[in-house]
């Protein structure tokens, strides 16, 4: 595929400049102020448009089996929605059932994804059980044959995915040994289970019970706990779906102490809030059920965006895990049975541009960083991904910063019958999406080929993640004090009170602090 992009303004995470871009065989081969077209080249006119790296969504759950259902967006529909929104790579999660081999689960996910994806993808691995065999398989899947460089631990979903603190800690020690990133879903699953039982017994069965069972304090507590444990294990930590100010504050606290912690807010948390859970329409409220829940504080979305601007949160994702209205209705009499998950992979880029750049909170370079480049660096596929540069994959979006669109279930490409951003007008529109040199979205139309995406192996030991770990390890080495051997004499049994000097009481003429003026 030969392609020439003319007259555009390139935006990377560290620079903005006008230039043309030449693409051959799926890679960028030249960037220059004026490249002359040759016969056979497809020419794209990007006048008054931005030329940006394709988005990377580092947190999706396509066709995930969960809560007795299967997420509606499979790897075909989900990646079609992604490219329609300007995202050219996703990182999905292999989630084994309790006790299942990581290798067996990995093969199942690859079998689902490879024939369906229309853009590139990578995989992260969830750890839902612990033991010597799991630790051994973690080492295997971080090899080049499997291409896994991160492991996710759930501190929620008791009895399903949740691991105990000691398992989480041991897992992070193994991650650090393998130079793999630990990722965490931070909620207090034990307390949540108790609260759910209490609320249901109190007659609260609707979606409002979901948010009441998972107050923000439980996300903040679990985030702080996870960061503390990761620091003790000397393991870099990535906190997925940061939904509250308290969780973000916990991350900032530990980073200020030198911990290597990354925070990921998601599109839903940047654009909506938890007021929806109290809507009188049960189905409307149920559509927004996800975990952790959306914040009930209406100022949280703006606060999270400002933390992205300040560098206290680091990249954006979606946790795209879609269930339609019929599936959501399975919990009509019990909020704990509402399948958790929302959409986002199609709308993330526009939502972040609208709430960030258009709102004057971040600049276009920071937009590229939090939607693409930072993910590429953290997951060790930079500069292959996440940059407009010679030698990089031609994952490119022609972005119209001045255009607007209204988000709607009637026009989106998800496999569900609602959209949590319904009716929201957003500034910033991907006009053309290019995946490894192939135009997959143009003029509002998909041009995809099922199975044309590639699996991207992700190698461990990302330098942005692990460059400080070795020095931290040296600083954390245990300190031993060399002492003269202590050998108490067995022949001496001194009286415990023998050396105690007892003084006779003496009345102070003027006690310390001065004499009292109180008269009795």
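Heads up, residue numbers simply count up from 1 along the chain you see.
Cβ atoms are placed via backbone N, Cα and C, with glycine included.
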From the candidates 297, 319, 324, 333, give the one listed by Swiss-Prot for the same Zn(2+) 1 site as 59, 61, 152.
319
Where Swiss-Prot shows 291, 340 binding substrate, which of 146, 157, 169, 486 is named for the same site?
157
Of the candidates 185, 210, 254, the one that Swiss-Prot places in the Zn(2+) 2 site of 152, 241:
185
Cα of residue 185 (Zn(2+) 2 binding site) to Cα of residue 291 (substrate binding site), in Å and rounded, measures 9
Express the distance between the Cα positions of residue 241 (Zn(2+) 2 binding site) and residue 59 (Zn(2+) 1 binding site) as a whole number of Å.
9
Under a criterion of Cβ-Cβ distance under 8 Å and sequence separation of at least 6, what residues of the same chain contact residue 152 (Zn(2+) 1 binding site)?
93, 124, 125, 126, 127, 182, 183, 184, 185, 240
Across the listed substrate-binding residues, 157, 291, 340, what is the farthest Cα to Cα distance, given in whole Å?
11
Residue, out of the binding-site residues 59, 61, 185, 241, whose Cβ gathers the largest set of other Cβ atoms within 10 Å:
59
What is the nearest of the binding-site residues 59, 61, 319 to residue 291 (substrate binding site), using the Cα of each?
319
